[in-house]
Amino acid sequence: MTDLPRPHAHVHLGVFFQGVNHSTIWSDPASGSQTDVESFRQIVQTAERGLFDAFFLGEGLRLREQNGLLHDLDVVGRPDAITQLAALAAITTHIGLVATQNVTYNDPADLARRLASLDLLSGGRAAWNIVTTDNAWTGENFRRGGWLDHSLRYVRAAEFVRAAQAIWDGSPGELVRFSGQTLEIAVTPTVPRSPQGHPVLFQAGDSPDGRDFAASHAEVIFSAHGTDYDDALAFADDVRARTVAAGRPEDDLKILPGTQFVLAATDEEAREKARWVKEQQVTPATALSLLGQVWGEDLSGYDPDGPVPRHDPVIKEIGQTRGTVRHGPDPRAIAQAWRARAESENLSIRQLVIAQERQRGFVGSSATVAEELIRWVRTGASDGFNITPWIVPGGLDDVVDTLVPELQERGAYRTEYTGSTLRDHLGLRDPLTRRTPSSVGATV
Amino acid sequence: MVLHLALEVDGAGAHPGAALATSIPADRLLSADHLRRTVAAAENAGVTLVTFDDSLVGPARVDALTRAAFVAPLTSRIGLVPLAHPAVIEPFHLASQVAALDHAATGRAGWLVGSGPVPGARAALDRPVADGQDLLDETGDVVRVVRDLWDSWEDDAVIRDTATGRYIDRDRLHYVDFTSGGTGPFAGPDLRDAPDGARAPFTVKGPLIVPRGPQGQPVVVARAGTVPADLVDIALVDTPQASGAPLTFLDLHVTLDTARATAADRLAALEDLAPSGDVLRWTGSPDGLVELLLSLRGAVDGVRLLPALLEEDLPELVRWVLPTLRVARVTPTPRPGATLRDTLGLPRPTNRHATLQETS
């Protein structure tokens with residue numbers, strides 16, 4: 001293994017408490033409340049017992065709709081991220097706390113202050129997953145409405161981040177000014193810096209603009225490339241090239257793909273379990289809903305165990321599902337491909353949707369998955385993984401109880417926290433705006 | 001007759017000279033450990049609720065809502081009431097944050113509605129911030145929409161019906177479709193040149209992203225006269241008087257005798273550092289404060305104590321004032337698992353939409 005690019009690299013793990021989408025199985029008897037503080041306590045403390053780097057909360061500022069109605073098949077409703085993480089900061093000691101927060105419908109003076117507050121009270125464990133949007137539909141909940149032009153999305157994001165950094169770099173009592181195309185502010189910061197200097201910056205954009213934004217501003221990229229190795233490596237190489245082009249060391253931006261683990265005693269059992277998980281995720285009603293998204297219409301009246309619709313999809317300018325990321329190229333071509341598969345393999349609607357759902361993430365015995373994770377990390381396909389458990393709150397137990405020990409035995413996972421801040425755990429340098437020539441060279 | 005005690009716990013103390021007088025280093029004063037100890041002392045002493053003062057800009061301070069959330073899992077009986085200013089924070093975010101606090105604190109959350117002008121907010125937020133009568137009107141609008149959002153989920157909206165595959169009953173969630181008063185364009189870059197104090201209108205669609213919390217409606221606390229009385233649970237008054245709200249608490253600034261100095265000398269020293277405004281104040285012995293509090297029973301439902309210098313006045317309150325009131329059964333002892341509403345004797349509000357359904 002000496003010819004590996006990173007022969008001693010450790011696997012970093014985070015947990016993504018998703019809150020929406022059909023990956024969370026709520027129908028299982030083991031599925032607890034998605035809202036009670038006790039569920040959050042259990043999952044974050046399990047992750048910390050497993051020496052994870054971070055606990056990660058998503059955010060959506062408007063409840064999802066399909067065909068003009070609130071989407072009712074998936075988990076709906078979740079706490080405000082920073083508020084929830086502040087509570088969890090009090091009952092944990094090491095794990096990082098990542099809040100997804102939107103730059104279009106927040107004010108830098110307020111959001112920078114809240115993030116700094118979480119960072120200070122947690123002893124330097126806060127992070128911000130930066131989300132951009134120009135979605136006017138979400139804007140209907142906010143003072144500014146849909147004010148941001150699509151072309152200014154990343155301009156706004158960059159200006160917001162630089163404004164936040166300026167506020168964090170300021171001192172209480174000192175007036176900080178920042179002006180750009182989308183904002184012009186003068187703020188007296190009130191919160192001193194935490195032991196890690198600034199909250200760690202995460203970003204999840206995947207478009208070329210999104211990757212460039214991450215390469216310029218982010219410290220961790222939460223990618224969607226967590227299933228196929230070649231795809232992940234190509235993404236990582238691309239992001240590293242962009243990071244270097246942005247004038248930063250290539251290891252300055254850590255890559256944590258979102259993924260899921262299906263573990264069992266043997267590889268065969270794990271494959272069986274993965275099939276079961278997918279069946280649980282794609283309920284009959286969800287199968288009709290997902291097919292309806294492809295067809296662009298309400299298909300809830302169809303029989304999920306019957307054949308797929310014979311007619312072509314309705315073509316519309318804007319997709320019917322709002323508040324999710326489901327963009328396809330040509331709906332008619334997709335529908336025809338789906339129908340062709342259903343006919344050739346003799347599949348019902350639900351069987352087809354299950355078959356079309358790509359197997360996400362890693363499936364196998366803990367030893368098999370551990371080997372694969374180590375290969376990814378030591379050959380530079382990622383720095384670690386951000387896991388979405390399909391059962392809340394118990395879905396992390398087998399990862400911590402069986403996978404983590406396999407990684408530790410192979411010398412690829414920490415056996416104790418060696419630092420106290422999230423920046424320490426991830427091996428990050430000082431915040432981009434706080435570097436000195438000597439601190440740039442120092443990395444773990 | 002019961003008298004509730006609330007306690008303001010922000011910073012070094014409520015006296016403007018406290019920040020200069022304190023012996024606690026600035027980083028310690030803002031630390032998680034200091035926060036934890038201060039709130040624990042209040043809870044152990046049987047205080048009904050603590051308030052956390054706040055400001056977007058200005059003196060060194062950690063965001064109040066974040067502080068309240070941090071102590072939520074470390075406490076079990078005390079109410080947690082952070083200040084948030086309606087003209088500063090986005091109404092939708094504010095409703096989500098206080099609702100999330102209510103979940104995190106298992107039903108012990110409140111919201112102290114900020115009032116008065118916010119120096120520096122316009123420049124910090126890049127939009128006009130309402131002032132004067134406009135601010136009062138906007139405050140009413142914000143409290144109204146926040147309350148609408150707290151009712152936008154009925155209590156039983158999560159049904160987890162495996163037979164139909166539905167996680168929620170969407171008929172038990174409600175759009176609020178709120179439109180505020182105000183004039184001119186909505187907040188945005190266009191408003192950059194608008195005059196100071198202008199009241200920009202806003203709309204909120206809903207529903208909230210957070211399911212209805214343990215209390216249904218977290219406890220809304222506001223200075224009397226700054227929010228329409230029908231939207232307030234506890235009104236804070238400066239002199240013992242009726243407020244029209246379900247509960248009325250008197251704000252009382254407190255400077256107590258200590259082993260080292262008399263209250264009068266201590267207050268004089270603080271006034272030398274920074275003169276305070278005209279407030280209702282007790283300056284004297286702990287026993288005298290107990291007498292005063294006993295005499296206020298019946299006149300008000302509670303008293304919010306604002307210690308001049310927390311590090312000196314809080315220990316005196318905890319040792320010599322609160323135990324006497326507990327022994328005399330003047331202050332209520334919250335039951336384990338009680339919500340703040342339970343402790344205050346306020347009913348859990350029925351969701352307005354559930355009421356409509358039952359009566360139609």
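Each Cβ is built from the backbone N, Cα and C atoms, and glycine gets one as well.
As written in TrEMBL, here are the features:
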BINDING   A:Thr100, A:His150, A:Tyr154, A:Ser207  FMN binding site
DOMAIN    A:29-382  domain 'Luciferase-like'
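Long-range Cβ contacts of A:His150 (FMN binding site) within its own chain (separation 6+, distance under 8 Å): A:Asp134.
For the domain 'Luciferase-like' (A:29-382), the model's pLDDT averages out at 92.
With the fewest other C-beta atoms within 10 Å around its C-beta, A:Ser207 stands out among the binding-site residues A:Thr100, A:Ser207.
Under the three-state DSSP scheme, A:Thr100 (FMN binding site) falls in the strand class.
For A:Tyr154 (FMN binding site), applying a Cβ distance below 8 Å and a minimum sequence separation of six or more within one chain yields A:Thr132, A:Asp209, A:Gly210, A:Asp212, A:Phe213. Under the three-state DSSP scheme, A:Ser207 (FMN binding site) falls in the coil class. Of all residue pairs in A:Thr100, A:His150, A:Tyr154, A:Ser207, the annotated binders of FMN, the farthest apart have Cα atoms separated by 20 Å.
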